[in-house]
Amino acid sequence: MSDSKEPRLQQLGLLEEEQLGGVGFRQTRGYKSLAGCLGHGPLVLQLLSFTLLAGLLVQVSKVPSSLSQGQSKQDAIYQNLTQLKVAVSELSEKSKQQEIYQELTRLKAAVGELPEKSKQQEIYQELTRLKAAVGELPEKSKLQEIYQELTRLKAAVGELPEKSKQQEIYQELSQLKAAVGDLPEKSKQQEIYQKLTQLKAAVDGLPDRSKQQEIYQELIQLKAAVERLCRPCPWEWTFFQGNCYFMSNSQRNWHNSITACQEVGAQLVVIKSAEEQNFLQLQSSRSNRFTWMGLSDLNHEGTWQWVDGSPLLPSFKQYWNKGEPNNIGEEDCAEFSGNGWNDDKCNLAKFWICKKSAASCSGDEERLLSPTPTTPNPPPE
């Protein structure tokens, strides 16, 4: 019986050595004794229980190693955080960050102010046109030539007589040209007109100072020659059917208008024909003015007569406006009004028309016009 137990114990011992050796245990003398004692219980159950116990011991022995690895990982993370903190601390100072932020804010505002797409298209087209215009500029040598020419012109202008003198010359030319248009002798008019045209062209060309002085003296001589020519009407008067008419540019009452005409050897207009009426009515309505004529009923209410004492002919009554004369509020003086005549108060200030006979010119007759004024003086203040 004892012989059979011994081989079995040896087998158990070998098996335990293999299993325990696989989990990292060394055989000891005590261990062998423990195996021998356990041989008295259910051998398989005891062997499994011990195997589980050995596995637990192995796992427990590995826990410190895992903890050590976790600690190493934490240390690595901490080191990385430390390095990041150092890197952040080395960033630009706060003022630099603020500057960048402000710049970004300005850029954002600028982008917000960009024009809408249609406006951008318009700007683009304008830039294209400008680019084309720049491309058409003359070459540098041409620009230099233009600049030199401008410099010469500027120097020439600096040598011109004062502006008031130029203005005086220009006004003289304008007056002479207008006067020539009223001259009776066509051949003489043509000659003087050509002279004036040439002189005007010369003045417009503005030659050197000595030439201007020569032209100015010639103008004075021409003016004197023109004034010696026979003219039917004075300056600023209008010729019509053998008479001269002056249309005033200021206003007076009816009585002062008579005086103004007498001062220049004329009278407040007296109308003698339908043609004359149409001519004067046209002059008045064209300027849209209320204008005195030499007609009133001051001597006898309702009896109209001219300033030369002649009565108003019945055929002329057709020229009164509808419902006129109505003598509302002592309206005793006649005026041109709209397309006809009207009676109004004689103390009102209105424009007026003077009339006198035109001068007679025959053959080569020349006479010096009267030096007395031919234009009525303005009314006293």
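Cβ atoms here come from the backbone N, Cα and C positions, even for glycine.
Here's what Swiss-Prot has on this protein:
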| type | residues | note |
| --- | --- | --- |
| MOTIF | 31-34 | motif 'Endocytosis signal' |
| TRANSMEM | 38-58 | transmembrane segment |
| CARBOHYD | N80 | N-linked glycosylation site |
| REPEAT | 165-187 | repeat '4' |
| DOMAIN | 240-355 | domain 'C-type lectin' |
| BINDING | E324, N326, I328, E331, N342, D343 | Ca(2+) binding site |
| REGION | 359-381 | region 'Disordered' |
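Annotated Ca(2+) site E324, N326, I328, E331, N342, D343; additional same-chain residues within 8 Å of its Cβ mean position, judged by their own Cβ, are G323, P325, N327, D344. Of all the binding-site residues listed here (N326, N342), it is N326 whose C-beta has the fewest other C-beta atoms within 10 angstroms. DSSP places the residues of the domain 'C-type lectin' (240-355) in helix, strand and coil in these numbers: 28 helix, 35 strand, 53 coil. Along the motif 'Endocytosis signal' (31-34), the predicted structure has mean pLDDT 46. The binding-site residues in question are E331, D343, and the one with the fewest Cβ neighbours inside 10 Å is E331.
Other C-beta atoms found within 10 angstroms of the C-beta of E324 (Ca(2+) binding site) number 18, with every protein chain shown included. When Cβ atoms from all protein chains are considered, those within 10 Å of I328 (Ca(2+) binding site) total 11, not counting its own.
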